[in-house]
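Participant: So Swiss-Prot has the following annotated:
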type	residues	note
SIGNAL	1-28	signal peptide
DOMAIN	30-144	domain 'Ig-like V-type'
DISULFID	52-126	disulfide bond
CARBOHYD	59	N-linked glycosylation site
TRANSMEM	154-174	transmembrane segment
TOPO_DOM	175-209	topological domain 'Cytoplasmic'
TRANSMEM	210-230	transmembrane segment
């Protein structure tokens, strides 16, 4: 009966060390990508920053870093081979993005988007790729109207109230000056023994009311027209972006 050959201890040890080296090398490049947990808010026309980092932190200068928008994977910004790949951007983001790489040596980058539009609202995905290993993180951008915090009624009240107070003050000063002027004129008339019609020095109440109210109505109407024009412009911009996304 032939005896079975047994592997020697050194060969088993070498095989184990080789397997351990392969496993450790396969896990050496792994990391996690971390983005903002809460939605990022921005106003139309402003700029916004979308931060992203890897954990544990490591130098990402030689990695491929980028942002894209699901579900069609439109490239928002791409960094590869140490350079920004502007030619691969979606047309609507060309010239509007900038990758802040001050802390890329620690695995931290930030995407800055200028001139925020209504069409920018929604999901963004940040990814880091190291050779064949890639991880990504999702984030959300909320785009808001500059006047989202105030209703039209409050806006009109805030604009009209100072004007109304000013007109009331002017009206009171006018009445006070009129009273003093009437007193001086009456004294002069008595001294000169001249007679005047008593209605000559009186100013009708409707003239005073008109003097106070008309300057208030003018700014109020102008403010309402300006507010409606601004909202129509923002709505038109939003519809134009929907018709021509590219």
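Note: Cβ is positioned from N, Cα and C throughout, glycine not excepted.
Provide an account of the burial state, proximal residues and distances for the features listed.
Facilitator: Using a 10 Å radius centred on the Cβ of residue 52 (disulfide bond) and all shown protein chains, the other Cβ atoms total 24.
According to DSSP, residue 59 (N-linked glycosylation site) sits in a coil region rather than a helix or strand.
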Participant: So of 59, 126, which of the recorded positions has the fewest other Cβ atoms within 10 Å around its own Cβ?
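Facilitator: Across 59, 126, these recorded positions, the one with fewest Cβ atoms within 10 Å is 59.
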Participant: Expressed to the nearest Å, what is the distance separating residue 52 (disulfide bond) and residue 59 (N-linked glycosylation site) at their Cα atoms?
Facilitator: 14
Participant: On the 0 to 100 scale, where does the mean pLDDT of the domain 'Ig-like V-type' (30-144) fall?
Facilitator: 94
Participant: For a three-state summary based on DSSP, what are the helix, strand and coil counts in the domain 'Ig-like V-type' (30-144)?
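Facilitator: With helix first, then strand, then coil, the domain 'Ig-like V-type' (30-144) has 12 helix, 61 strand, 42 coil.
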